[in-house]
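Everything on this sheet refers to the single structure shown next.
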Amino acid sequence: MSPQTETKASVGFKAGVKDYKLTYYTPEYETKDTDILAAFRVTPQPGVPPEEAGAAVAAESSTGTWTTVWTDGLTSLDRYKGRCYHIEPVPGEEDQYICYVAYPLDLFEEGSVTNMFTSIVGNVFGFKALRALRLEDLRIPPTYSKTFQGPPHGIQVERDKLNKYGRPLLGCTIKPKLGLSAKNYGRACYECLRGGLDFTKDDENVNSQPFMRWRDRFVFCAEAIYKAQAETGEIKGHYLNATAGTCEEMMKRAAFARELGVPIVMHDYLTGGFTANTSLSMYCRDNGLLLHIHRAMHAVIDRQKNHGIHFRVLAKALRMSGGDHVHSGTVVGKLEGEREITLGFVDLLRDDFIEKDRSRGVFFTQDWVSMPGVIPVASGGIHVWHMPALTEIFGDDSVLQFGGGTLGHPWGNAPGAVANRVALEACVQARNEGRDLAREGNEIIKAACKWSPELAAACEVWKAIKFEFEPVDTVDKV
């Protein structure tokens, strides 16, 4: 009996392989208001046309597979397939294209960032026909975003809880991040909060290690918070990292934080996972806890310009999954972050309606339809000389977080906190008087040094510290 090479048992079905572009490249398609739209930076293998590469992305991230299958006839591919509807070359980059793909809303489970990412980026990034692939942006339609609860509280509710208005909030990551005992850790928290900071913070990898178990840390940090509050009359907080090896353990830690009466907990949302993050966010909403989000592992995913997922996509996903703060880079510190790109995704975190603006990397107009905003956290290699630039770049609805820039003060932790608070108050006052922080920042800080010896000492220590490297990820020429 000869081998079967073609099946003719069903009218209209023919086994075999055909080009993706015959089905999934549809330049005539008009996008719907309910479609999820994606902008991919595609680098095809030599000899692969951009239309075929874009169609392959649309197919492999929706209904397609490498060959025609029988069961295509049991559903409506026109209803469910992703469509590559537009392709444009990237200026100044050889063999790179921005491919726009539209996905029908029915492809995605309601309220699940996990399912959304599994569909759109779960499998296609290993496709052999592509040399590299990067998800640059997503347009989340209101029809889908309304299935998410979003941040537990949002910017305005946080300000009301803390009773702090008209300025950025100040934070500090306790250093060294690993190795301190719980009591010494709590002591450092107290000194920083007593000196004038609003928050102190667990670093991303502080969980429950042999040198400091989580329950001991929570208790000593709570004691530090209450003592500092009593002495300053200000509401204080410490980001207690609830991230754990299981969701059950994470929720147990969050519940203990609630029992202690502290205002905020923390989660590493990329290493912990979106399912865990959404669960924790819902718990925080129901129990009055603010939720600080660390983006540990993000640069593994987002730093390379031609492959991965841009952070603006991860930021949108976090806003849907839930978090009241998220780290966003500093522009001026030690970590990667070009100014216009950073401001683009900061707007996507905070604002209700964001217009398309390719000069800042925003590929689609995004309407969050009143979903609460997320406060961006500037953290990483910043000190008092950066305060004018940070205040000017990030504005009031931000957290400026100085770890080494507080604990590295030559006189100790509390004077380091005083220096940062004085620098911030001076910058806010100067801005409110109409002065140009970008141009007059150094003069403003020097003037404040005359009546703050703590600030003067900090300025002397860090006067020559700069992190001047060209960013890897930059805006495309348009």
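Glycine residues also receive a Cβ, built from the backbone N, Cα and C atoms like all the rest.
Lifted from Swiss-Prot, the feature list:
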MOD_RES   Pro3  N-acetylproline
MOD_RES   Lys14  N6,N6,N6-trimethyllysine
BINDING   Asn123, Thr173, Lys177, Arg295, His327, Ser379  substrate binding site
ACT_SITE  Lys175  active site, proton acceptor
BINDING   Lys201, Asp203, Glu204  Mg(2+) binding site
MOD_RES   Lys201  N6-carboxylysine
ACT_SITE  His294  active site, proton acceptor
SITE      Lys334  site 'Transition state stabilizer'
* Asked: Taking Cα atoms as reference points, which of the recorded positions Lys201, Asp203, Glu204, His294 is nearest to Lys177 (substrate binding site)?
  -> Asp203
* State which of the following recorded positions has the fewest other Cβ atoms within 10 Å around its Cβ: Lys177, Lys201, His294, Arg295. => Lys177
* **Those recorded positions, out of Lys175, Lys201, Asp203, Glu204, that come within 10 angstroms of Arg295 (substrate binding site) at the Cα** => Glu204
* To do: State the Cα to Cα distance, in Å, between Asp203 (Mg(2+) binding site) and His294 (active site, proton acceptor), rounded to an integer.
  => 8
* To do: By CA-CA distance, flag whichever of Asn123, Thr173, Lys175, His327, Ser379 among the recorded positions is nearest to Lys201 (Mg(2+) binding site).
  => Thr173
* Taking the Cα atoms as reference points, how far is His294 (active site, proton acceptor) from His327 (substrate binding site) in Å? -> 6
* Structure fact -> The number of other Cβ atoms within 10 Å of the Cβ of Glu204 (Mg(2+) binding site), counted over all protein chains shown, is 20
* Can you see whether DSSP assigns His294 (active site, proton acceptor) to helix, strand or coil? => strand
* To do: Enter the number of other CB atoms within 10 angstroms of the CB of Thr173 (substrate binding site).
  => 24
* Structure fact -> Cβ neighbour count (10 Å, all chains) around Ser379 (substrate binding site) is 26
* Which of the three DSSP states, helix, strand or coil, fits Ser379 (substrate binding site)? -> strand
